[in-house]
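Participant: Quick one: the structure is below, and I'll ask about it shortly.
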Amino acid sequence: MKLKRPIIALDFNDAQRTLDFLQNFPQTEKLFVKIGMELYYSAGQDLVKAILEQGHDVFLDLKCHDIPHTVERAMYVLGQLGVSLTTTHANGGHEMLKAAKYGLVEGALKAGKKEPQLLAITQLTSTDERMVKEEQLITVGLEKSVENYAKLAQNAGLDGVVCSGWEANKLREVTGPEFLRVTPGIRLKTDSLGDQKRVMTPDMAAQNGSSAIVVGRPITQAKDPVTAYQAIFELWNQ
Ligand code: C5P
């Protein structure tokens, strides 16, 4: 399954800036946006609800990671919001992943909302080969560790992973086409890289097997965010 709309990472630090940014788009344009930890910790559920009320879809990227019971209860709360996607860390293990999914679905059922999809973080893109081997003592290395975590997440009933465009094809082989591969680190040829190192253009991500892309600064910092969004939309869906 491919998500046609690029997901816009709303990496702002307060509600007002976020809502001002969304005002750039025509009211009829229903977006898919990502809210991460900084914005959620600063603006909380009220902002999520306000954005949902405007008709947008929300990817709430909170990367929950704790003992299974705590994660289940946290996910129960998130499931009631009506978001479309959220995240947890695969290395919380099978029981925690199952509990996360269970809590999310129960929360959505209780509130009469659609069932959100749950993505796993495998190895953060800030984690390199040395860290995997020397700090985590995982002898099989980074690539195999990512594959292992993806399979672990799939076996626990999750819906996909966050992964770099460079990993997407391999993960498609390992987990099959329906398991989502959501890819950040997207840049147009004309964009600056910022702090991203291994970037891809939207069309490359499509060719390399990503099923959704997350784009922040190339849209949020653009002089004309709507034009930037449209250019990325076209390349991703060409
Ligand atoms: O501005 P930029 O397009 O680099 O934003 C990418 C978004 O995706 C940010 O919200 C960032 O936190 C997130 N992300 C990432 N790399 C990951 C996971 C999430 O860049 N591995």
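Cβ from N, Cα, C; glycine included.
The annotation active site, for OMPdecase activity is assigned in TrEMBL to Asp61, Lys63, Asp66. According to TrEMBL, the active site, proton donor annotation covers Lys63. Positions annotated as substrate binding site by TrEMBL: Asp11, Lys34, 61-70, Thr125, Arg187, Gln196, 216-217. Taken from TrEMBL, the feature domain 'Orotidine 5'-phosphate decarboxylase' applies to 5-232.
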Participant: What recorded positions among Asp61, Leu62, Lys63, His65, Asp66, Pro68 have a C-beta sitting less than 6 Å from any atom of ligand 1?
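Facilitator: Near ligand 1: none of them.
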Participant: For Asp66 (active site, for OMPdecase activity), which of the binding-site residues Asp11, Thr125, Gly216 has the nearest Cα in space?
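Facilitator: Sorting the binding-site residues by distance from Asp66 (active site, for OMPdecase activity), the top entry is Thr125.
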Participant: Here's one to test understanding: among the binding-site residues Asp11, Pro68, Thr125, Gly216, whose C-alpha is closest in space to the C-alpha of Asp61 (active site, for OMPdecase activity)?
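Facilitator: Comparing Cα positions, the candidate nearest Asp61 (active site, for OMPdecase activity) turns out to be Asp11.
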Participant: Just how many other Cβ atoms lie inside 10 Å of the Cβ on Lys63 (active site, proton donor)?
Facilitator: 15
Participant: List the Cα distance (Å, whole number) between Asp11 (substrate binding site) and Lys63 (active site, proton donor).
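Facilitator: Each residue's Cα considered, Asp11 (substrate binding site) and Lys63 (active site, proton donor) end up 15 Å apart.
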Participant: Distance check, please: Cα of Thr125 (substrate binding site) against Cα of Lys63 (active site, proton donor), rounded to an integer number of angstrom.
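Facilitator: About 14 Å separate the Cα atoms of these two residues.
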Participant: So what sits near His65 (substrate binding site) in its own chain, CB-to-CB under 8 Å and at least six residues off in sequence?
Facilitator: Val71, Thr88, His89, Asn91, Gly92, Met96
Participant: Give the mean pLDDT for the domain 'Orotidine 5'-phosphate decarboxylase' (5-232) on the 0 to 100 scale.
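Facilitator: It averages 96.
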Participant: Three states by DSSP: which one describes Pro68 (substrate binding site)?
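Facilitator: For Pro68 (substrate binding site) - judged by DSSP and reduced to three states - the answer is helix.
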